[in-house]
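Record features (TrEMBL):
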{"type": "TRANSMEM", "residues": "C:41-62", "note": "transmembrane segment"}
{"type": "TRANSMEM", "residues": "C:82-106", "note": "transmembrane segment"}
{"type": "TRANSMEM", "residues": "C:118-135", "note": "transmembrane segment"}
{"type": "TRANSMEM", "residues": "C:147-165", "note": "transmembrane segment"}
{"type": "TRANSMEM", "residues": "C:220-243", "note": "transmembrane segment"}
{"type": "TRANSMEM", "residues": "C:269-291", "note": "transmembrane segment"}
{"type": "TRANSMEM", "residues": "C:303-321", "note": "transmembrane segment"}
{"type": "TRANSMEM", "residues": "C:333-356", "note": "transmembrane segment"}
Amino acid sequence: MKITCIVLVLLLLAGCWDQRLLKNARLIYSVAIDLKDDGKLFSSVTIRSVQESGGGQGGSVPVNDYLSATGNTPRQMRQNMDSKLSGEFEASKNRMILLGEKLSYQDIYPILDIFYRDPKSSLGASVAIVDGKADEITRMKQKDEVLIGEYVFTLLKSGERDTYIPKQNVQTICPILFDPGRDLALPYIYKSHSEIPTVGIKGLALMENHQYSGVYLNKTESSLMLLMSNQKGKIARFTKKVKPSEKNRISQYITIDVLDEKAKLQIQKTASGKIRVHVPLQLKVEAIEYPIDHLIDKKTVLALNKKLSGILTKDANRTLNKMQKANSDTLGIGRELMAYHPDLWNKTDWEKDYPEIDLSAKVTVNIVDHGIIN
Amino acid sequence: MKSRKKWSQHLYKTPQDRPISATSSLSDNVDYLQRSCFYTDDLITRNLPYNNNKAMILYLVSLSDVEKIQKAIVEPLLLLKNCSVEEAVPVNFKKTNNLVEAEFALNAGQCLLVSEGSETIYIIDTYIPVKRAIEEPGNEQVIRGSHEGFVEHMQTNLHMIRKRINHPNFTVRQFIVGRLTNTKISVLYINKLAKDELIEEIERRIRSISSDSIQTPGFIEEFIEDTPFSPFPQVLNTERPDRVAANLLDGKAAILMEGSPTVLIAPATFFSLYQSPDDYNTRSLVGSFFRLIRLASFIIAILVPAFYISLISFHYEVIPIDMIFSVKSGLTNVPFPPLIEAAFMQITLELLKEAGIRLPRPIAPTIGIVGGLVIGNAVVQANLVSNIMIVVVAITAISSFVVPSNEMSTVLRILGFPFMIAAATFGFIGIVFALMLLLMHLCKLESFGSPYFAPFAPINWKDIKDTIIRVPRWKMNTRPKDAHPSIEKNEYYSREWKNNDKQK
Amino acid sequence: MINKNDTITPLQSSLLIVQSQVGVGILSLPYSVHAIAKQDAWLSTFLAGFIVNGFIWLIILLAKRFPSQSLFQYTPQLFGKWVGNSLSLMYIIYFILVGSLILTLYLNVIYKWVFDETPIWATLLLMVLISIYLAKEPLRVIARFHGFVTVLILGLIGMVAYSYITIDIRYILPVGQSGILNIFKGSKEAAISFLGYELLLVVFPCILNGRKSALKAATYANLFVTLLYGFVVFTSLIVFSPIEIELVPEPILYMLKAFSSRVVDRIDLLLLSIWMVCVTTSYVTYIYLGGKGIQTLFSLKKQSTAVIIAAFLTYWIPLFLQGEVKIAAFSKYVSNISYIFTIGIPVLLLLISLVFHRKSKEQSL
């Protein structure tokens with residue numbers, strides 16, 4: 001009883017030492033970081049705030065405030081920004097980290113360190129590399145009616161759904177960053193400079209260790225790469241020219257939707273001591289657009305399967321080629337070697353040997369479904 | 001010290017005091033009795049000569065049935081000659097020659113017949129109870145099932161319980177406590193089912209009550225409960241005979257008091273306060289669902305305001321991104337810290353509730369109007385409170401009213417405050433510690449030797465079937481262990497017919 | 001000697017042991033074991049569980065020879081008053097040291113993850129006072145609380161299982177890469193997280209039908225803890241890549257930080273809350289043990305006074321022990337002496353009682 005009293009008194013006497021009121025916080029939604037020509041970092045953020053539309057009853061409209069600062073380190077930039085801001089700079093609900101292309105040619109871990117180190121920071125944020133300057137995207141503040149941070153975030157989410165980019169956040173890229181047997185592929189986005197500026201996904205930027213290799217995969221290649229590493233999102237679609245003989249241009253094409261993918265790395269050691277990796281990829285697909293019809297005919301289907309397999313195998317090998325050129329092992333072949341062929345791994349210098357290995361793919365397409373008409 | 005003893009000697013008479021034997025003189029006896037009542041004005045004396053002997057009857061007109069006295073005492077004795085009182089009087093009576101006993105009987109509504117030349121005083125039962133009609137108790141209503149409730153007359157209450165348990169082992173033990181009020185209380189239990197130690201303990205505690213007045217069962221509760229400073233009620237209060245009967249059948253004991261419809265049941269456990277007779281009148285699936293809802297209400301009522309406070313003043317990163325901005329926009333214009341904001345709303349709600357009970361019925365509707373203003377849009381528009389806080393407080397209030405026991409519901413609302421303070425000073429950590437303290441307290445509590453937080457602490461999987469959920473009756477083969485009943489088996493093969501069906 | 005009323009059932013004793021074992025160590029267990037056994041840390045953890053089970057058997061073998069006495073009561077019988085009492089005093093000091101180690105590590109995590117500004121004395125006082133409130137009660141009340149909060153461990157398992165969305169089993173392959181020696185060394189590191197079973201030395205006489213059931217109860221408890229720890233370590237090994245895990249001292253919290261759901265973000269805070277309960281239960285056990293010792297040694301009438309003294313003694317060490325280096329040194333020191341107290345001395349006592357045929361006098365019990 002006495003103890004209960006003491007505890008209560010203590011609680012009452014105690015201040016609220018660690019109190020951080022939500023009321024005073026200015027919540028950052030997205031951060032863009034660029035490298036300036038003088039070598040300093042330049043960062044801009046969007047802060048979401050609410051504009052009262054008057055009368056109290058009418059509800060309120062969210063708006064983005066733009067804020068920027070330069071500094072030598074991300075933490076210094078935060079400090080500089082905080083000094084320009086009423087209320088407290090609060091990055092714990094940050095959803096987007098956009099890295100400028102120029103910056104990403106450097107080691108990106110030091111940029112992200114601040115996010116990993118602070119217990120309050122949100123590790124659920126997405127990371128993307130921007131073609132050009134990242135600041136240009138934050139500067140838009142708003143894309144049509146949608147706030148820019150949200151816009152890019154949902155853009156990436158739908159990219160994950162469509163198997164253009166892997167499901168990633170700041171936390172999940174960390175194990176890959178530190179894995180000698182695997183490399184990272186970050187979403188590569190762009191802002192178009194047309195009359196109506198748009199922001200879109202360009203593909204996947206291939207990382208060589210901690211920095212951008214300068215090579216990126218386009219959307220088809222990204223999808224194939226993800227399928228080969230068994231990372232299909234909800235939907236994976238390809239539109240391919242299968243009947244060049246048709247007069248009608250639309251009829252030349254078929255669109256397929258991957259229902260199920262199966263890929264397995266096959267690692268072999270050739271007689272000459274070289275490592276040979278083969279990636280057989282089996283796809284079960286549904287034809288979702290094919291104006292010529294007759295998909296009930298077994299022969300037609302087999303012919304289409306063969307045609308599609310050929311086209312996609314070519315695409316897949318091109319993808320692998322690019323990855324080797326970029327020295328970016330996004331499939332995790334090195335990790336596979338480490339786990340199942342440790343003797344082989346110990347003998348290789350993966351950094352050097354990876355572009356040299358014999359890497360090939362074979363895609364087998366099997367149309368199993370064709371919608372509600374034949 | 002000395003004077004106090006003297007005073008108490010004069011005031012605290014009991015029927016067990018040193019007997020004063022009656023004399024054979026009628027006037028002496030009557031004189032003593034009148035003197036002992038200080039010539040109170042409702043004491044009626046009347047000469048009633050019979051058998052050619054002078055005699056007198058005395059009774060308190062406020063407690064005795066005058067008509068009965070006329071019909072059953074006066075008329076037979078006047079009409080009949082040459083017969084004894086035993087033959088003439090058709091109602092129950094008792095003989096004594098102890099004036100002290102006679103004096104107490106007089107005060108209990110009995111009629112005394114004193115005759116010249118005899119030391120024997122007849123105590124004739126003429127007590128007339130004033131009863132109200134049996135109604136459903138307003139604070140414990142059910143949808144289905146019995147709508148009877150206890151009244152202020154103990155015999156009627158006993159009747160209502162006895163008619164539910166027709167068994168010779170059903171036992172009533174009467175006690176008289178309160179040296180001034182001489183209140184009759186009875187302890188009810190089912191012999192051989194209730195553990196002997198439990199009954200002995202209850203009787204021991206009742207016997208040690210030395211207060212001079214017992215006005216409500218609350219007095220008894222406070223005298224006999226284990227931990228008086230705990231916020232949790234350790235004795236179950238009810239006005240429903242079916243609830244009492246059900247608890248007696250679990251091997252518990254009930255304490256009835258003359259003059260109050262509230263019955264105490266001991267031992268109580270935390271979960272017995274969450275059981276309602278309604279649970280057994282609905283299907284078991286539905287009953288289980290409502291049990292779970294009620295338990296959730298316990299958690300909601302004490303935790304939600306605290307959780308909200310710690311969210312907006314410590315850990316707002318926990319709020320999902322889609323929600324945080326709407327929470328933030330509501331907060332922007334509120335000048336007070338969250339704790340003050342919440343406490344303000346909670347206290348306002350308590351005021352409203354208290355006012356609602358006390359307000360005379362004709363002006364009661366005003367409280368609804370005023371309440372709607374205070375807990376509603378006006379207070380948000382005045383920027384005193386954020387709109388989410390209104391929602392939080394409303395949810396808390398509703399949750400606390402869900403509990404079937406009114407005592408528990410008040411406890412819940414009070415417990416919310418320390419939790420809010422803990423949340424405002426230490427955030428989640430404060431809540432966790434407050435919660436641990438609460439749990440430790442619950443684990444520590446014991447009611448008449450049985451753990452209060454059973455079947456959770458100590459864990460007893462078997463008893464979960466009638467606490468957080470309610471399994472069908474035919475699954476409850478054993479009684480709950482919390483009262484340590486002497487016989488555990490309860491039911492056996494009530495659905496044997498089903499097996500028989502299959503064999504055919 | 002032991003209050004007849006104050007007995008606990010075998011199930012309760014099991015849960016009591018579980019709650020005493022699972023505590024402050026679980027958060028950093030994967031990190032500290034990985035530091036030595038690398039990718040085979042999970043093997044080390046299981047190994048440590050088996051070794052600890054051997055310790056438990058020895059302790060019970062000893063306790064069975066004195067079935068109605070606690071350690072503090074039979075040491076004077078074995079060695080005479082002076083040696084026996086000084087042995088008791090050493091045990092009291094050991095329990096207090098472990099108690100303050102728990103407090104120190106707890107504070108370290110709390111300050112890293114939640115509090116920055118709150119003064120240490122306040123956080124510490126909150127913990128100590130609340131623990132005293134429970135530890136001054138009879139064992140059956142403590143067992144009730146410990147038993148009930150074990151439900152929370154299921155929540156902990158659920159949360160850890162949540163991280164199975166992003167795993168790579170290849171991180172632990174090939175199994176056994178770090179060699180048998182390192183696996184054994186790693187299990188030495190893991191064993192400190194299993195501490196708590198030595199409460200059997202003191203509470204054995206309270207266990208209902210202890211001679212028959214205690215061994216089974218303790219083994220089940222240890223098995224559960226071993227599986228739990230093994231699961232936790234295994235999960236963190238396949239969630240974090242080998243180099244990354246060396247950067248995160250509390251991998252369990254760290255891996256939950258990234259997950260956001262529609263309802264709550266930062267599940268790590270919820271895990272931290274559950275963990276705090278586990279820490280409190282371990283701490284309560286140790287100040288109860290220390291308090292019991294003080295009570296027996298100085299023949300105090302009230303257990304609460306003894307527990308308050310024990311808790312007060314544990315309160316000071318963390319106040320002066322700041323900084324990772326000092327904490328690590330202290331932790332190392334306590335883990336080393338723990339071997340003396342959990343296995344060294346009990347084995348010695350067992351041998352002495354076997355050689356000199358010393359047993360508790362009332363064998364009829």
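Placed from the backbone N, Cα and C atoms, the Cβ positions cover glycine too.
Curation does not apply to TrEMBL; its annotations are automatic.
These numbers come from a predicted model, not from an experiment.
Sequence-distant contacts of the transmembrane segment (C:269-291), counting only residues of its own chain at least 6 positions beyond either end whose CB sits under 8 Å from a CB of the stretch, comprise 16, 19-24, 26-27, 92, 95-96, 98-99, 102-103, 106, 109-110, 113-114, 127, 130-132, 134-136, 139, 142, 145-146, 149, 152-153, 155-156, 159-160, 196, 199, 202, 252-253, 256, 303, 306-311, 313-314. Under 8 Å from some Cβ of the transmembrane segment (C:82-106) lie the Cβ atoms of residues 23-25, 28, 71-72, 75-76, 124, 127-128, 195, 201, 276, 279, 282-283, 286-287, 289-290, 293-294, 296-297, 310-311, 313-318, 321, 327, 330-331, 334, 337-338, 341, 345, all in the same chain and six or more residues away from its ends. With pairs at least 6 apart in sequence, the transmembrane segment (C:303-321) and the transmembrane segment (C:118-135) have 3 or more Cβ pairs within the 8 Å limit; the two touch. Stretch with the largest number of CB pairs closer than 8 A to the transmembrane segment (C:41-62), among C:147-165, C:220-243, C:303-321: C:220-243. Long-range neighbours of the transmembrane segment (C:303-321) within the same chain, counting only residues 6 or more positions beyond its ends whose Cβ lies under 8 Å from a Cβ of the stretch, are 92, 95-97, 99-100, 103-104, 107, 120-121, 124-125, 128, 131-132, 135-136, 138, 283, 286-288, 290-295, 327, 330.
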